[in-house]
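A.B. asks: Quick one: this structure, given as structure tokens, is what I'll be asking you about.
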Amino acid sequence: MANIDRFSIVTLIFFFLSTIFVIRPLKFHVRLPVVGRIQLTLGLMSAPIIAIAILWAAQCIGATQIRDGIVGTAGIKPYNILILFISLAYMAITLDITGVLQAAAFWVSNRGGNNGRRLFLYFYILLTGVSMIIGNDPVILSGTAFLAYYTAAAQLEPLPWLISEFAAANTASMVLFVGNPTNVVICEGFGINNAAFTAYTILPFLACSVTCYLGLAFQFRKPKHVPHKLPVSGDLDPRSVLRDPISAWVGSLLLLTCLVVVIVVSFFHVDVWMVVLPFAVVKFLFDMCWDHFRPKESEAEDAESAEDPMKSAIRRGMSHHESTITDNQTARQDLVISEGKRSISMNADLPSERRENTLSSSMATRVELEEQIPKCSSPVPSQRSSTTTAPQPNNDSQGRKLFPQTRIKFDAIHARLSRHFPTFFTALPRLPFGLIPFAFSQFILIEGLSHRGWIDVFGNWLVIASKREMIPTIWLVGVLGVILCNGAGTNIGATILLTKIVHAANMPPSTNRAAAIALAVASNIGAVSFTFSASLAGLLWDTILKQKKINTITQWKFAYWNSIPLLLMTSAGLAIVTAEMVVLYK
């Protein structure tokens, strides 16, 4: 039993304080010289780093723990995980930019027709299938925006469709080890072969996915949530949103080839990032060359984009993290609106008065959708000329702009590069760079807990509760994993912490493997939980909804509508893991 002293207590307190600010960010204003009054946020990006700085200054942790949190210990290599994840994210996001997901959604919408229940099922299957291949984050990025516009155009309540999308995307990410950063942590930490990981998780995934849909269908059974018949007729054109078929084919081929090669080389104990990074570099080079040599858009389209401040601002990349909808997505969203408006109509046998009312409602929906398009807070030039004058500050709350002429010059350069290389500059602000400091911070903080004896204490508690037996360990680790996703710094922090605790418990090999698979299930379905901060995907999802002015899905409603699917998935998933391990090891 490790000695717990005052340094240990302080370390544990600051670990949980950083977690609290990740769950509930604190925003406040400060006034700085020259810059003026600015808003600071103590949250996901800053709270763990500040906690590390304070713990280092208080000598609760040292340089060794910081180094171990970056380089890794016990087979877990943080840099490997992050290089892998960013590389795959680039490939998946640039594939999504081509319009593949929106085209597939249009095709599914056509298959569903005006049957609301059938369309609800088809969208769930589509999002599940896509998330299995490209992971949850790209689906959350693109699918959330699409459904926000689609439900508004089709006059549907958005909540059931968006909750279903979020559940489907996060549940399906447990199939491939590259589907979620937590999967990579588990494979690295427990030494699980990448192909074996999929073999272990495919049956729990199927059980979770089916029970999740049944739970969603039950709680959204009323027609006010998912109507039996939709006021939709006519077909949507999938080709209208497939902006770049050649890039779509090349991107799909590279991504699928990469996944196959990763599975093959996993048998030879090669670091995965050494395989994925070259594929991402090849995709980057293709994007740059293709954008450079392919026929450029007409001057008329450039002029049109200049007249639309929102599109121009997005093309210039001025929306950054808070605006995840890119210029390519904006064009596709306009098509979604126009196609949805065209397809919404009542049956031909309705009286003319009702048809006129429907048309008026459809036009009102169009106006409402246009109002929902987020306005960029960054200043936008009123014409294409690069000699645009500097924007005037809007009272002192905006702060004084530093180096306005230099900013204008760099904005003009950025605008030219964005027009010439749209794929890269569209994907760049969508890459999850925020994951890098956050993940490293979580590794360092948990190394600090280990250094101060807490991991040994928690491991001893796990031994006492489970007696190192397989079945109790599966359920303890699984249930704790789901709970800690909400209270240990997202599912990434929960996975790192529980991986260390299981190692400290010194379980037998079979029990150790069972704990790993239970944790894989818990860390993925744990995102479909009680707080948005249970996963980075949840934080991203909430940001997009606020951007779309869908303010009806509060934190409480998120927890309420996830409770039944989460309970069913936890029970079914861990039951299947138990059955698998009993068959394999007993």
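A Cβ is built for glycine as well, from the same backbone N, Cα and C atoms used for every other residue.
If you look up TrEMBL, you'll see 379-397 marked as compositional bias 'Polar residues'. The domain 'Citrate transporter-like' annotation in TrEMBL covers 48-277. Marked as region 'Disordered' by TrEMBL: 371-401. Under the heading transmembrane segment, TrEMBL lists 7-26, 38-58, 79-108, 120-149, 199-220, 246-266, 474-497, 517-541, 562-585.
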A.B. asks: Tell me, roughly as an integer, the mean pLDDT over the domain 'Citrate transporter-like' (48-277).
C.D. replies: 85
A.B. asks: Determine which recorded stretch among 120-149, 474-497, 517-541, 562-585 has the most C-beta pairs below 8 angstroms with the transmembrane segment (7-26).
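C.D. replies: Per the Cβ count, the answer is 474-497.
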A.B. asks: Counting only residues 6 or more past its boundaries, what in the same chain has a CB within less than 8 Å of a CB in the transmembrane segment (562-585)?
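C.D. replies: Answer is 163, 167, 171, 200, 203-205, 207-208, 210-212, 214-216, 218-219, 470-471, 474-475, 478-479, 482, 510, 513-514, 517-518, 521-522, 525, 528-530.
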A.B. asks: Within the same chain, where does the transmembrane segment (474-497) have neighbours whose Cβ lies under 8 angstroms from its own Cβ atoms, ignoring anything closer than 6 residues to its ends? I mean 6 or more beyond.
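C.D. replies: Distant contacts of the transmembrane segment (474-497): 16, 18-19, 22-23, 48, 76, 180-182, 185-186, 435, 438-439, 442-443, 445-446, 449, 458, 462, 465-466, 514-515, 517-519, 521-527, 529-531, 533-536, 538-539, 566, 570, 573-574, 577-578, 581.
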